[in-house]
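Annotated features in TrEMBL:
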- ASP30, LYS35, THR86, THR121, GLU155, LYS263, ARG327: NAD(+) binding site (BINDING)
- PHE152, LEU153, ARG154, GLU155, LYS204, PHE249, LEU250, LYS251, ALA252, GLY253, GLY257, LYS320: substrate binding site (BINDING)
- CYS260: active site, nucleophile (ACT_SITE)
- 313-414: domain 'UDP-glucose/GDP-mannose dehydrogenase C-terminal' (DOMAIN)
Amino acid sequence: MKIAIIGTGYVGLVTGVSLSEIGHQVTCIDIDDGKVERLKKGISPIHEPGLSELMSKNIEEQRLSFTTNHQDGIREADVVYIAVGTPENEDGSADLYYVEEAAKEIAKYISKDMIVVTKSTIPVGTNDKILQILQKHRIYDVKVEVVSNPEFLREGSAIHDSFYGDRIVIGAESEEAATVIEEINRPFGVPIFKTDIKSAEMIKYASNAFLATKISFINEISNICELLDANIENVAKGMGLDKRIGEQFLKAGIGYGGSCFPKDTKALIQIAGNVKYDFELLKGVVNVNQKQQRILIDKLNSYFFSLKGKRIAVLGLAFKPDTDDMREAASIKVTEELIKQGAEVIAYDPVAVKNAKGVLDPRVQFASSIEEALGGSDAAMILTEWKEIKTMDPQLFHCMDQPLVFDGRNCFDPESMKNNQVEYHSIGRPAVAVPSRTVPL
Ligand SMILES: NC(=O)c1ccc[n+]([C@@H]2O[C@H](COP(=O)([O-])OP(=O)(O)OC[C@H]3O[C@@H](n4cnc5c(N)ncnc54)[C@H](O)[C@@H]3O)[C@@H](O)[C@H]2O)c1
Ligand SMILES: O=c1ccn([C@@H]2O[C@H](COP(=O)(O)OP(=O)(O)O[C@H]3O[C@H](CO)[C@@H](O)[C@H](O)[C@H]3O)[C@@H](O)[C@H]2O)c(=O)[nH]1
């Protein structure tokens, strides 16, 4: 099948590469010249395990190409995917500008019967609007159908998720269109769930909102655990053994970030609000997350009398491990607050530094190793559970004069920190104090 994909971000690029890997002829289109030039040379614009290798392989085998020219990409295609961004408007609703522009571009160049597939996360009812745009702006009198095919990949494991996902959701009005998209995806071997368009649109938002709810729930439980001297890791494990609850997404920490949960939860509140439904539970989830992102700062504030002049090492900047994505990363708010309170911030991340430099306060300094960040620091904060951080020798914390760690991702066993004489404050677990500590507060 000949497929064109509009937008080569995380979703468009991973979709294009994966569809070419299972044998389709794919053209990826983007308006960003620089990005397309790099892609043509086989250079991935994002850090995503396994992506570069698979991309180069399919470019070489001539199943995958890139262009900035919509006409070239769309003219020959049997199916066109929309995978452009749907960022957050100021009021929390989804900004549909890029999706609507993409639909207009498609309409200009459709010259034969065509299915347009939406991969972008779009509010319930948006596929209907896209169909109207396509019908209004098309030049030739051809049949055009829209199919909703929301994406469930996670950054950091996007390629794996494409080939081993739990389900592929296809929302269509006609059985014929649904079957075409089913056949395209069949070689993935992932279970396919076919439904109507509006339900497919809602499945995407409801899934993200449910996962975000699990995270805010366990974070609230972790805060209560701290007050009662219980241990959140044991609690989450015991809860997760119940198959109805499940062990995933019960990891307490400094809240969820990234390009999806923060914006999609707020968009769903708006989607509900538009039909006069007050989604109280989800509002609570969002508020809890905002509070949770401050939790390490609060711990630091109750430890030190003032942060003025204190040197704080921040370990991990990306919103999660195995990605260089900084969108809505906890590190943005945390470093902003540290600087506001007069601290000196020295940060380390194995891959996200380039992107971090574009979004963090220019006063944040960057270290090229964990040791360098820790050297001379008064405290360390762990914000991303990179493998390199989780598996480091706790003795390394002695690069600080007196090791003091605030861990927002529960990377270490408190017992091992105690054995290594490291003062250790984590999430939802009793703190480890070191009696000999003499740092002036
Ligand atoms: N990032 C994720 O993990 C993820 C997962 C599932 C779903 N989603 C959803 O998928 C959509 C895309 O997300 P993303 O993270 O890939 O976005 P992104 O911002 O990384 O990429 C969007 C790309 O679209 C391009 N673009 C914009 N308008 C265009 C046009 N008219 N023609 C061609 N290219 C155009 C941009 O230049 C950019 O490269 C969003 O709706 C998002 O919510 C994202
Ligand atoms: O138990 C957990 C699990 C995750 N997180 C945090 O939640 C955020 C999101 O993590 P994750 O879901 O792994 O990454 P994303 O790449 O944002 O993927 C989510 O958002 C995508 C975009 O919609 C969806 O496609 C995916 O299914 C959905 O998992 C990150 O900040 C994590 O640190 C926790 O705090 N605790």
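All residue numbers here begin at 1 and follow the chain in the order shown.
Even glycines carry a Cβ here, placed using N, Cα and C.
Ranked by Cβ neighbours within 10 A across all protein chains shown, the recorded positions LEU250, ALA252, CYS260 are led by ALA252. Mean per-residue pLDDT, taken over the domain 'UDP-glucose/GDP-mannose dehydrogenase C-terminal' (313-414), amounts to 97.
Taking the C-alpha positions, the distance from LEU250 (substrate binding site) to the residue listed as 'active site, nucleophile' comes to 18 Å. Spatially, by CA atoms, the binding-site residues ASP30, LYS35, GLU155, LYS263 include one closest to LYS204 (substrate binding site), and that is LYS263.
ARG154 (substrate binding site) and THR121 (NAD(+) binding site) have their C-alpha atoms 14 Å apart, to the nearest angstrom. Within 10 Å of the C-beta atom of THR121 (NAD(+) binding site) sit 22 other C-beta atoms, taking all shown protein chains into account.
Only ASP30, THR121, in sequence order, out of the binding-site residues ASP30, THR121, LYS204, LEU250, ALA252 have a CB under 6 Å from ligand 1.
Of all the binding-site residues listed (LYS35, ARG154, LYS263, ARG327), ARG154 has the fewest other CB atoms within 10 A of its CB.
Checked against ligand 2, the binding-site residues ASP30, LYS35, THR86, LYS204, ALA252, ARG327 give no residue with a Cβ under 6 Å from it. For the pair LYS35 (NAD(+) binding site) and CYS260 (active site, nucleophile), the C-alpha distance works out to 22 angstrom. The record assigns PHE152, LEU153, ARG154, GLU155, LYS204, PHE249, LEU250, LYS251, ALA252, GLY253, GLY257, LYS320 to the substrate site; their largest pairwise CA distance measures 24 Å.
Annotation for PHE152 (substrate binding site): spatial neighbours ASP161, GLY165, ASP166, ARG167, VAL169, LYS204, SER207, criterion Cβ-Cβ under 8 Å with sequence separation of six or more. Across the domain 'UDP-glucose/GDP-mannose dehydrogenase C-terminal' (313-414), the DSSP tally of helix, strand and coil residues reads 34 helix, 18 strand, 50 coil. In sequence order, ILE6, GLY7, THR8, GLY12, VAL36, LEU39, PHE66, THR68 make up the list of same-chain residues 6 or more apart from ASP30 (NAD(+) binding site) whose Cβ falls under 8 Å from its Cβ.
For THR86 (NAD(+) binding site), the count of additional Cβ atoms within 10 Å of its Cβ stands at 23 [all protein chains shown].
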